[in-house]
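Reading through the structure tokens given below for one structure.
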């Protein structure tokens, strides 16, 4: 069945009954509402440009507010930014349904429609949408919004679809039921236009008349009349354009006709008014705006058609379009973008259409984005060029990484390479553009990736980067990948690159080089094969051709030597074949090269020999003996026995030999020389060239002497010369004769000289005088030589003389210094102090102080050597604490086991009594009941004594311990719940979980939860600091509520009680500041006093009231009273900081720190306003306004504050509130502007108050809680919680576990897996209690003793060893640097110590040892440090070097920076010496206290264990039969049962491998042991002992606790555990 196009007429109802008419009416209402939904859906689709659900589903899709918020963004983007819309993709909504944060979307939409000015008459409530309380009102608001936006030209017009759409009968019925279910009435959708018109603050009658005139003019169809009617000022129409008058007429006429037609389709004709057929003022304005927009779009299209940026800009700035963000300088961008959009639309539609307004707006936004990006890119490129010119690599990389530059990824590690390459490119090309930078950076980044792959030895990454097109490398071959990799690695190693990178040129050069090498190797192999083939062919010419191939790489291959090459290579190949035994053996390249070299050497030798022989022949022909002798000694000819003295003989002999060979007709030029290897070398005497083959057709010269012939002639001549030397035997006689002749000649010459002297005596005297002068000069020179020989002695004498002079001068200066010693001391002290200050400043502030500065202050460490011992003691105490904790954990586990055993014994005793009382009623047929009665704690709930329930209980205890001590889980859970359930959950579960902070531990943990939750809420929900003030944050609300009750209430009473009481007791106090109120009060008093009516008007404005001096006087008095009272309140508040609850102050501190961290750009004033809002407005202000509600003052029963009292408190609260928020009076409170100075002054006081309030210690210090607190505490924490709260908490954790613990390795998941599925309330309380008929089982309370499943501290031995190693190294280094000079650590450790240094070091160590001897015994536990200090300096140096290698292996120090990290550690120790000592002392005290507490806990556990042991023994002894009844010292008798008897009792189930017929032959003897609870079971078969079994009563109870029904004896007999316990109880134990 489908709904007809039009509703039924009134005639249809004449034939229907009352019920049918009522049903028809409901169907009609449902159809009308569905039509409105369809209209709203289509209008929203037009606005949002996306498809929406069907009308029947639209209501549900609106509840999360996403569509509404998107709609708000369409017309008010500044109010509803897209990024603020929660769950914009609706993924969260589709997964888990509605969330409380979806209400934010609804509020955004309401803010948007309020922002544009839609009358509040149409506004729905948030709950109308979120809870679906009144969806028709929401649709009504959407319709009103559509008409309002249409009037403003911001949205299309909504269309009336009544009677035009069809719905199924099921849809109509469902909608009618839905409307009837909520009892909702449809709003009058048709009256929206009239309501909007009535909302105008103008003369409604004039507007109505003008609108009617317009409608009538439109009906007449006269354009001029219509335009005149539209221009009537009473019509309040805007943006009228005369050129469009005809279009207005046509559009309005069409709209009026459609509206009239739609009105005729409606059934409720009696309720229709004139505006159902006439256009309203809003509709007329909307159509005008629509026409204006269309006309403006045509202008835009015309500008695009003309390609005119100026015309387009003017068209875009048309107010009718109301485009956002149009900028004059982007006209070209607009033209380009809108042209592109226009062409794309034409292609899609197949024809040219005008762009819609939204499309133009989108194009403007896109063009703005592109323009901004382009401008930002150009600015970024300018900055990059400037940075490149500055040559600061870090700045260049920073600018390159700027996103606005639109460049590929940049890697800062290669900053120097970017700087260098880009600087070179900039020098070559000038200012770099974006495209050039893009290509360059892309290439350089690819080069960086290649370098990083090389550094990491990553071959695959290297190859992928190398073949990347961005790298731009040419001729990269895949088969050479490994060669490229190896070659580049080798290049990096050769250059010794550390942090430097290979450049692109290096990469390309290496690639080309590798390619060339590869090609060269290929060609070389081919050339070698061709050479071998030529040798096989036996052709010297082919061999020469192959040798001359460039690829072979053979040098000095020449044509004349070709036969020799071929001969030698063939011989070498033949020899290789013989040696290897391979006939096909070939010569390798090196062997070929050796053959070529040998052939060239042979040719050179033969050539030089031939030249030498030719030279000899030529010299012989010239007849010059000396020339002949010289050429004979030519080494190239290698002639033997050539003697220089035989030159003439050689000449004669060789001339004779040549004459004998001379032939008259011999004119040939070729001669033959025989070589040593039997080959012949042919030499041309004219060209001096030789060859290895005889030239064809050329005769040889026979008259030319050969080398052999020349050698023969030389040998003969030399032999003859040797014979001639025999005459040397008579040489002595010749010498004697010559001596006598020489003596005669000398004597003759002497006589002649004497005669000459006598003749020339004056000349002789003169000569003697010259001789004496010479002698005197010689003596002088001798003295001079003597001085030179004794130079050291002379220098020493001179030094003594100079020393005397210098000493005299020194003594004079020393005397001067002694006279001015005070001034000198001051100067030196000032210099040393200044130097020490500079060094200390470097030590304190420098990140890496030099070693020389550290050495200057290293002596400070000597004064605190006990610090190192204390550190060792600290480590020892930590280890002892860990061991103690583990020991206590083991004791605790043992106590738990003993506790279970005691419980089993007690429960067994109770069960035994029940069994005995019913034992007589049992028969053979109901033995199973006996077994059931022996089951302990059957169905008694969570705390029943069974293993399964025990594990469930422990799992809950572990879970709630984790929730209590790890606040992040509850903090996240709070924000996963709907907002209306959060407060209930907090009060019902969380405050119970923390026992309402009744102890130090719970107060500390609850405060940690508040801190974590507040940080989580600010992180996820707060977009700006002011949101905390304007909103109502969940955590802030809960914190204030918690701390304002109980102790917080008493604090409020202490702070505000006295001043509030003063206000209440002052009956004449007047603080009214309203001028009108004061004015009326004055008139009333005047009339009451005079009895005459005042002539003044009663109703006046504030300004008129203030014109009367009496009113001003009263206002001044009220203001003085208000300021005086406010000062009292301010003083009470600001002087009571310490009385504000600590938790409240700490939360304020966390709020301040968290806001400052999330909003670093926020000013201190903004943050202080938020914190002040928390401390004053939320915590203190309610107590000021309503003290009776917070029991600040005592009120009589039924009493209340009087109105004047409440007004006075409200006035004070308002003033304090303005002061706390820093808000001044303005606007309607102009008369209070005199208080603004006071508010500003008071605000500064509030800021100081807030600052002091936030200065609180951390909770760990406040509550004396640390990581050992739970381990030291003897009593375990307990919580009391109802079963319903337990189940609800478990359910919530299961539902939201993935949100609050995303990591599946989180401990929460493990604990939830331990708990398993969600239990029911009867499962937790037990079926027996559930059957008792409690009205509300969920309110039954259970107690949980919280325990930590993950408790335990792992002592990190490696960490302790590392710290000890570092500590020892630092101490050794501190000792070394005080005695060794040097600027670096390596230099100091490599120097040898002198005797003086060793002595000074030994003296210091002796003093330290004496100091250590006085150290108390508890600090002497680690003696290794003391032992190290006694080592000599050389050994300490070796120890430090070894330790440095170990520390470097651990990654703590690095040799690259000279172990600066260790020097920094020493500097840090010196800086933190005093602070560290106090902190370590406090840590030692804390650990000692912890150790003492653990010892106390250990003693408690041991005592409790002893007590439990005694109690168990007592229980067992009590169960044993009384010794009096059995006789003292008498042993209890044994029981004897056959297997058949035990089978009949149900105790025995079966015996494996033994039929039941033989059971009568098996006897079981049960004998009590010496200790209570122990039994010995002896099995006999046919009277023969077979097996013995020790049975422990507690083991049986443990099996029963674990739910084991059957156990084995002797590994064969199966017995019923419950019935066996019953049998032992009955026969051996007391009843």
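The backbone N, Cα and C atoms fix where each Cβ goes, glycine too.
What Swiss-Prot records as phosphoserine, among 308, 539, is residue 539. When 887, 1424, 1495 are looked up in Swiss-Prot, the one carrying the note phosphoserine is 1424; the rest have no such note there, which does not rule it out for them. Other Cβ atoms within 10 Å of the Cβ of residue 539 (phosphoserine), summed over all protein chains shown, number 14. Of the recorded residues, residue 539 (phosphoserine) and residue 162 (phosphotyrosine) place their C-alpha atoms 110 Å from one another. Mapped onto DSSP helix, strand and coil, the domain 'IQ 2' (760-789) counts 29 helix, 0 strand, 1 coil. Residue 162 (phosphotyrosine) falls within neither a helix nor a strand when secondary structure is assigned with DSSP, and so counts as coil.
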